[in-house]
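Below is one structure, written out as structure tokens; comments come after it.
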Amino acid sequence: MRMIRAIKQGQWAVLLWPYLLTASIPLDCRDEQGVLSHCPSISQEKLLDRVIQHAELIYRVSEESCSLFEEMFIPFPLQLQRNQAGYPCITKALPIPSSKSEIQQISDKWLLHSVLMLVQSWIEPLVYLQTTLNRYDGVPDMLLNKTKWVSEKLMSLEQGVVVLIKKMLDEEMMTTTYSEQGLFQDDGQPEMLEYVMRDYTLLSCFKKDAHKMEILLKLLKCRQNDMHSCR
């Protein structure tokens, strides 16, 4: 019954799926040597719009993926305990502002670098998630396709943010050095429930961070238009 309900809730997403696969314009912009450039052929404003579009779609699909996973694999009592499962979000230690007042006070430069840190911190965990989902019995193709799509689009978003940093700040790419050892270490043969709760935490945390990426980028866009009206 839970599987049927989850599939019904996801039917509208199936209709939207071809659009999601084609609507987002690629953010890659490389020179003849294959190195990311300043993208002289596209304006800073249009590039920022494309980056925001990618972030919006990534958040939307991550929300759908988390809901689908929850419906299919998480009993309701455990849904209430997901924050007590002993798996903190992997980006918890990153120096990224969380409150509205903190976000309002940071510079455009730090807004961009905060987005880049979040994006880079999630690339490997999402690849890891795709491998762990194969352990599940009856995992729907819809969930596998969504996680794969998000993983690929996140790498595209990274490229777009890097080019945006080059354009707006005239800076080179920075790489986030963050260890996911606490999340990915193999504790022998964990129970299936432990796998499920760990992956559920991963999806929930990514959904939250994907929303934060979108918020930060939209604040940056607002500042470009009218600094005093941004809240």
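Glycine is treated like the rest: Cβ placed from N, Cα and C.
If you check Swiss-Prot, you get these features:
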- 1-24: signal peptide (SIGNAL)
- Cys29-Cys39: disulfide bond (DISULFID)
- Cys89-Cys205: disulfide bond (DISULFID)
- Asn145: N-linked glycosylation site (CARBOHYD)
- Cys222-Cys230: disulfide bond (DISULFID)
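For Cys89 (disulfide bond) paired with the residue listed as 'N-linked glycosylation site', the C-alpha to C-alpha distance reads 23 Å. According to its DSSP assignment, the residue listed as 'N-linked glycosylation site' is helical.
Sorted by the number of other CB atoms within 10 A, the disulfide-bonded residues Cys205, Cys222 start with Cys222, the lowest. Note on proximity: of the disulfide-bonded residues Cys205, Cys222, Cys230, the one nearest Asn145 (N-linked glycosylation site) is Cys205, by Cα distance.
Shown are the disulfide-bonded residues Cys89, Cys230; the one with the most C-beta atoms within 10 angstroms of its own C-beta is Cys89.
A sphere of 10 angstroms centred on the C-beta of Asn145 (N-linked glycosylation site) encloses 15 other C-beta atoms. Of the recorded residues, Cys205 (disulfide bond) and Cys222 (disulfide bond) place their C-alpha atoms 26 Å from one another. In the three-state DSSP classification, Cys222 (disulfide bond) falls within a helix.
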